[in-house]
């Protein structure tokens, strides 16, 4: 019965019936017939009504319609889908499943967009009447219904959307508007409607494409005409540089191209890659269009990356287009930016017809590019056999060379083009031609691993032992690139397996360095010398060990490699196992395996290199206590000394980042901690000083290390602890009752060293400035004497003021009785020295002056003699002026220092400030009454000294005051 009703009703009648049955009515309490059937669980009626719908889209629309009852009810504002779930009968479930199939088909999709894109006008209209948003956008593309409607052939879809409030200006995620969509599909009437509605004809999208670009790109000539008539910019460029004319040419749309040309589009504009429209026409092979462009005056020689239209036609093998260019007189031999002609590109692509055409027209087939290569090189490199033969028959020489002195046969060998190589040899190519780096075709072929080419060249008589400029022959190269088959072929052809490169490497060295076990075995089976030496006297075993190739090393040893042969630095393979550990990340187990392997073959653990170091010396620096223990267990001499007198223990303390566990192992195995090196330093010196390890010092002292041992400079361990600012080790040594007042060969005590300690910084970092802790330790705990003078007469107080030091250290020395008036061998007091501390006017000045001024202020307040003179007659003010220390000069003057004292050259502080260009110090002195006309013993005034020294600012200052 349902099928009979559906079959006998006409489509319009079915739609009207369906619409009436699915529209809620006021007389039916806001319910449609379909709503009522769902509520009553009338599966038969629901099925009948759905079968009356013209399409499944109509069904989906009907399912979205909601009841409109005004009364408060669970049935109010409910769709058919919701109503089918209210009941819990079997028939309700049947209806729900039926509706679910329709709902699933359109799930997550906008019915409005579907109707606009492929639905009927009535469907779109009905959705709008139901209150749908005409400006709804899709999730991913941001597309509106109007954009879909713009692609339809009828304007009615757009009209109803615009009437219902659809925005004509909205853009999708690519910044395209409805006008772009209409132009893309060539919907001329829709374009007119949008333009009439107010859309800007030159609106651009994210690629800077206007509607005119899209219409031209797809050959919609009528649409192009409407857009131009409405003022579209005919020569506008996209972000890729293409004009509408270029896009029409690329697509091969003759009529569109002709129309654009007729409306005045320029043929001379260059777009992306500097292409003109003619370049595009020649590239795509649109001969007729190329003719149109040429008639409009397009430049035949316009270049893009140096390429003319002929280059592009030749590359694409567009012979008819090329003939068109010939007919209009193009340059057959124009060179692009790489120096290549059209013939080069025709050869590169294997375009036989184009090559013949160019040759027939008289193109230069011998032309060379910037690499010195003729078209024959291009044909060879790109494996174009027929093109190669054609070019040779046209007269190209197979013996031609490029700028690297390579022939075409070199490139055939490089690319593995066997057929071309055979042809070139047949045509007379020199089989052993030598390039500028000495490579022959055979060497090149082996380097690129082309077995067939190698066999061909050897059959044709290539020299198997030819060498390049660094002494590499074919067998050397084969040995390093895993090509065992090639190596076998070379050896069977007479390759010298003992040949050495300019660095002395044999093929076995190279294979061993690369870790190529199979190649190593092959060479050894041929009887190669397993103990051959390179230029550094390294054997193949040595290079295998250096590169940590365990399997290769084992093969070499099984073939009688001598594991105790020394290289040019006297190192055996066992040395090499450990010498690389400090700078190469090697797993401990692998090092142990290499060691074990060498020991199995009688490796000598006590062997010394030319610096006197054993493998244990290197292991002690490695950071692995286990490896050190392993060597000691296998007979290493724990007390071996090198040429510097260093034992493994001393090396460990000097260079290892993990010295403590290694030192413990060495001491456990009998390391003699009393051994001194060539500078008479013991292990305790190094543990206390440079790296400052308190725990290692404790271990050494527990093992009876001599706490008072002195080095060649007379320093004890506590001297070095103080010098290297290692307070923890100094503390330990003091507690162990070391002598803190012992003097070294400079007459300095540890206290001198502590106050003079500094690092390599230039501005006074925290580390080199903050010495208070060490100084306090030596004075408070060790009872250091604070007024001991060294051989230059300097007390610790002198050294504090002569270096960048925190004021608290100077204060501590004074508190403990330091004599601030003591003079050194030059007659200088501490105040002289601190005043002479120069500071640049920068961050350095701020940092330095902060501490040095504080020390100067402390000395002045503690009663230092401001008028004290040294052996040159200089007062502290002289030094402050010469060092441009206006801050200290002001301090001295504020405390009544004499402004014009003279030294032994009769120079006042102003003389020295003028000579040093210390403008601020000079200005301060003048303000305090300094004599501008004072004469030194050469009768020079401060002004004359400033002039002699070329200090312009100071000179201007003094002149300004003198002649005011």
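If you go along the chain as it appears here, the first residue is 1 and each next one adds 1.
Every residue, even glycine, has its Cβ placed from backbone N, Cα and C.
Keep in mind that this is a model prediction, so the values were computed, not measured.
Taken straight from TrEMBL:
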REPEAT    107-139  repeat 'ANK'
REPEAT    141-173  repeat 'ANK'
REPEAT    207-239  repeat 'ANK'
REPEAT    273-305  repeat 'ANK'
REPEAT    305-337  repeat 'ANK'
REPEAT    338-370  repeat 'ANK'
REPEAT    371-403  repeat 'ANK'
REPEAT    404-436  repeat 'ANK'
REPEAT    437-469  repeat 'ANK'
REPEAT    536-568  repeat 'ANK'
REPEAT    872-904  repeat 'ANK'
REPEAT    905-937  repeat 'ANK'
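Note on the repeat 'ANK' (905-937): residues 873, 875, 877-878, 880-886, 889-890, 893, 899, 943, 945-946, 948-949, 951, 953-955, 957-958, 961-962 of its chain, located 6 or more positions outside it, place their CB under 8 angstroms from a CB of the stretch. Only residues 6 or more beyond the boundaries of the repeat 'ANK' (107-139), in the same chain, are considered here, and those with a CB under 8 A from a CB of the stretch are 15, 19, 54-55, 57-58, 60-61, 64-65, 145-146, 148-149, 151-152, 154, 156-157, 160-161, 164-167, 170, 172. Predicted-model confidence for the repeat 'ANK' (437-469) is 96, expressed as mean pLDDT. The repeat 'ANK' (207-239): residue composition by secondary structure is 16 helix, 0 strand, 17 coil, according to DSSP.
Beyond the repeat 'ANK' (437-469), the same-chain residues lying 6 or more positions past its ends with a Cβ under 8 Å from any Cβ of the stretch are 404, 406-407, 409-410, 412-418, 421-422, 425, 431, 475, 477-478, 481, 483, 485-486, 489-490, 493-496, 499. Here the repeat 'ANK' (141-173) has Cβ contacts under 8 Å with residues 110, 112-113, 115-117, 121, 124-125, 128, 134-135, 179, 181-182, 184-185, 187, 189-190, 193-194, 197-199, 205 of the same chain, all six or more residues outside its ends. Here the repeat 'ANK' (338-370) has long-range neighbours at 306, 308, 310-311, 313-317, 319, 322-323, 326, 332, 376, 378-379, 381-382, 384, 386-388, 390-391, 394-397, 400, 402, meaning same-chain residues at least 6 beyond its ends whose C-beta is under 8 angstroms from one of its own. Under 8 Å from some Cβ of the repeat 'ANK' (404-436) lie the Cβ atoms of residues 371-372, 376-377, 379-383, 385, 388-389, 392, 398, 442, 444-445, 447-450, 452-453, 456-457, 460-463, 466, all in the same chain and six or more residues away from its ends.
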